[in-house]
Amino acid sequence: MFARPAIRMRCATGLLAIGTLLMLAGCGEEPKPSVLEQVKAEGELRVVTRNSPATYFQDRNGATGFEYELAKRFATDLGLELKIETADNLDSLFASLGHVDGPVLAAAGLVETPQRQRQARFSVPYLEVTPQIIYRQGETRPTKAEDLLGKRILVLAGSSHAEQLEALKLELPELTFEVSDAVEVVDLLRMVDEGQIDLTLVDSNELAMNQVYFPNVRVAFDLGDTNTMRWAVAPGEDDSLLLEIDAFLERSQANGTLQRLKERYYGHVDVLGYVGAYTFAQHLQQRLPRYEKMFRQAGHANQIDWRLLAAMGYQESLWQPNATSKTGVRGLMMLTQRTAQSVGVSNRLDPKQSIDGGARYFVQIHQQLPESIQEPDRTWFALAAYNVGGGHLEDARKLTEAEGLDPNKWMDVQKILPRLAQKQWYSKTRYGYARGGEPVHFVRNVRRYYDILTWVTQPQLEGTQVAENGIHLPGIDKRTLDEQTPPL
C-alpha cells in the first residue's frame, strides 16, 4: 500500500541530484571549441603538401600548383590566410597532422588506403587518377603483373603505390620492390629515364605533369582500378573541419572551379610526344641561352613574364631568328609585315627587334580584350588573338555565347574555335573563315612550354640539370639577368 509513494520519493530525489549536477556543470568551463572554430580563431589555415609540379612549388612570381590553388581558394572561403609547409616524405606528411601548431590539412594528391585510414580521415574525392607502371623506352615493355617479376622496382615510401605492390605480393610472392623516403616522383621518373631502375609506379596525373622532362619514360600498363585524390585531416575530436572541406569541394565541383583548375593544370599537358619533348630539351640547352637575356629585357620592359615570351617564341619559330613561313610571317616571333611596322620593328630577322616587337604586340592585344575576361583566361585569349587575330577570336566568343557557354572562359571558347573552319559556322560570323584549330593548338603548346620553363627556372633548380645525360631540361644560366619580372 505504501510502495508507490516510496518509489516516487526515490525518483524525485534522483531527479534533484541530476539537476544539481547539471547546474554545477553549467557553472564550469565553457565547452571546448570545435576544430573548425579553433582554426578560424587562429586566423590561418595551415596546410602541408609536397613539392612537385602537380602539387605545389615556388617560382619567381610566387606559389603555384594545383593543390596550392585549391587550398588557397578554401582558405579564402574561410576568410583565413594560407600557410603552406612542405613535407620531406609521405610518412612525415601524415605524422605532422594534428601536432600542436602543425598543419591541420594535408593537400598533396593523396589516395585513401587502408593503412592511411589509421593515420588520417579523408575528404570527398576531387580528382580521378590511375596508377601506372612506368618503363624506359627501348626496353622490353611489361604488359601484365607477372612481367614485373625479376625487375628492379622503386616507389615512394609510405605511398599508396607501396601498399598496392604489397597487396600484389599476396598473389605474386616472388615480386620484389624497394621503397625510398629520399626521393620524389620526379626522381623516380628520372631514374627510369636514365636506366638506374627498371620500373616505377606513379599516378597518371603525376606522369602527365612530368613526362615532358623525361622523354624516354613510357606507360607500360595501368595497375589496378582508377583511384581518387582526397584531402586529409588528423583523426581529431570532431568532424567540423572535415565537413567544411567536403562542402567546399562539393561546391567547387558544382560551380566549375575544379574543372577550371583541371583545365589550367592538366588540360594541356599531353601535347608533346617523345620527339617534341626531346627536341625542346635540346633547344633549351643549345638555343635559349643565346636569346634569354633578350626575353628577360623585353619581359621587364613590358611587364610580362619573360618565360611566357620565350614559350611563344619557341612555338612560333623554335627560337630561330631567320624563320620564315609560306604566309610571309618572319623572324623569331613570326611577325607579319603590318604588325612589325605597327610596333616599330624595322628588321624582323633581328632577334632583339623581333622579341621586343612581339612583346609590345602581345601587350596591346592583352589590353584590348574585354574587361569581362579575367586572368588566367585573359592571357590564353591574348595568345589566341596573337595567333589568329582579334576579329576571329571575337567571332568565336559570339558563337560560344550562342551555344550557351561562357565567352569569357578559355575552356569553353577553345571548343568552339575550330568551327571557324566550317562553312556552316563561319558563314554566320563577321570575319569569316579561319583555321580555328590553330590557335587552340598554339595556346596549348605555349602553355606547356611555359609550364616547363616555370618549373626548371625555380630558384632551387637554377644552374642544375634535371638529368645527367644531356637531353633533359637544364637550369637557366645564373650569369644572365636575374630581375623578377611580374606577370601580366
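Cβ coordinates are placed from backbone N, Cα and C, and glycine is handled just like the others.
Feature annotations, reproduced from Swiss-Prot:
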- Glu316: active site (ACT_SITE)
- 26-269: region 'Non-LT domain' (REGION)
- 270-488: region 'LT domain' (REGION)
- 1-25: signal peptide (SIGNAL)
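Here Glu316 (active site) comes close to Ala323, Leu332, Met333, Met334, Gly358: these same-chain residues lie at least six apart in sequence, with C-beta atoms under 8 angstroms from its C-beta. Classification of Glu316 (active site) by DSSP places it within a helix. When pLDDT values are averaged over the region 'LT domain' (270-488), the model yields 83.
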